[in-house]
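Q: Once you've had a glance at the structure underneath, I'll fire off some questions.
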Amino acid sequence: MVLCWLLLLVMALPPGTTGVKDCVFCELTDSMQCPGTYMHCGDDEDCFTGHGVAPGTGPVINKGCLRATSCGLEEPVSYRGVTYSLTTNCCTGRLCNRAPSSQTVGATTSLALGLGMLLPPRLL
């Protein structure tokens, strides 16, 4: 029973608690579909997602690793002859900059239901 509780506790830990620095990498693109590839970050880097905007155009996005001191900054980037204002949003944890998926939501729901089944029923 104790082993079961320990396993559930480990599964319930947020992804950022494992200390692994793997992130999704995606070149600057005007497509919101950024499947990307996996990359390993340095010890002083965090995962990031960059969102760029320019007047009269659609947004651009990129993902990867970034020095933690550069997180949250806004910088100009050029894409297809247009200069965008790119703002980076950083996160910590393994692959934290990937797009949320229905599998993540389903896993959280399954974990909650599993915990509920392990608890003894209350007597009224």
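Start at 1 and count along the chain as shown; that gives each residue its number.
Glycine is no exception: its Cβ is also placed from the backbone N, Cα and C atoms.
Among the features that Swiss-Prot reports, signal peptide is placed at 1-19, with the record citing sequence analysis. Residues annotated as disulfide bond in Swiss-Prot, with similarity to another entry given as evidence: CYS23-CYS47, CYS26-CYS34, CYS41-CYS65, CYS71-CYS90, CYS91-CYS96. Feature annotation from Swiss-Prot assigns domain 'UPAR/Ly6' to 23-97. Summarising the annotation, Swiss-Prot assigns GPI-anchor amidated asparagine to ASN97 and lists a curator's inference as the type of evidence.
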Q: Taking only the Cα atoms, work out how far CYS23 (disulfide bond) lies from CYS34 (disulfide bond), in Å, as a whole number.
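A: Spelling it out, the Cα of CYS23 (disulfide bond) and the Cα of CYS34 (disulfide bond) are 13 Å apart.
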Q: According to DSSP, folded down to helix, strand and coil, what is CYS96 (disulfide bond)?
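A: Looking at the DSSP assignment, CYS96 (disulfide bond) belongs to neither helix nor strand, so coil.
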Q: List which of the recorded positions CYS26, CYS34, CYS41, CYS47, CYS71, ASN97 have their Cα within 10 Å of the Cα of CYS91 (disulfide bond), in sequence order.
A: CYS47, CYS71, ASN97
Q: Could you check which of the recorded positions (CYS34, CYS47, CYS96, ASN97) sits closest to CYS90 (disulfide bond), going Cα to Cα?
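A: Checked the recorded positions CYS34, CYS47, CYS96, ASN97; minimum Cα distance to CYS90 (disulfide bond) goes to CYS47.
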Q: Which three-state DSSP class does CYS41 (disulfide bond) fall into?
A: coil
Q: Determine the Cβ neighbour count for CYS23 (disulfide bond): the number of other Cβ atoms within 10 Å of its Cβ.
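A: The Cβ of CYS23 (disulfide bond) has 30 Cβ neighbours within 10 Å.
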Q: Nearest by CA distance to ASN97 (GPI-anchor amidated asparagine): which of the disulfide-bonded residues is it, out of CYS26, CYS34, CYS41, CYS47, CYS71?
A: CYS47
Q: CYS47, CYS65, CYS71, CYS90, CYS91: which of these disulfide-bonded residues has the highest Cβ count within 10 Å of its own Cβ?
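A: Comparing the disulfide-bonded residues CYS47, CYS65, CYS71, CYS90, CYS91, the most crowded Cβ belongs to CYS47.
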Q: Provide, as an integer number of angstrom, the distance between the C-alpha atoms of CYS41 (disulfide bond) and CYS26 (disulfide bond).
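A: Cα to Cα, CYS41 (disulfide bond) and CYS26 (disulfide bond) are separated by 14 Å.
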Q: Counting across all protein chains present, how many other Cβ atoms fall within 10 Å of the Cβ of CYS26 (disulfide bond)?
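A: Result for CYS26 (disulfide bond): 21 other Cβ atoms within 10 Å.
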Q: How many other Cβ atoms are found within 10 Å of the Cβ atom of CYS34 (disulfide bond), counting all protein chains shown?
A: 18
Q: In whole Å, how far does the CA atom of CYS65 (disulfide bond) lie from that of CYS47 (disulfide bond)?
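A: Answer for this pair: 5 Å between alpha carbons.
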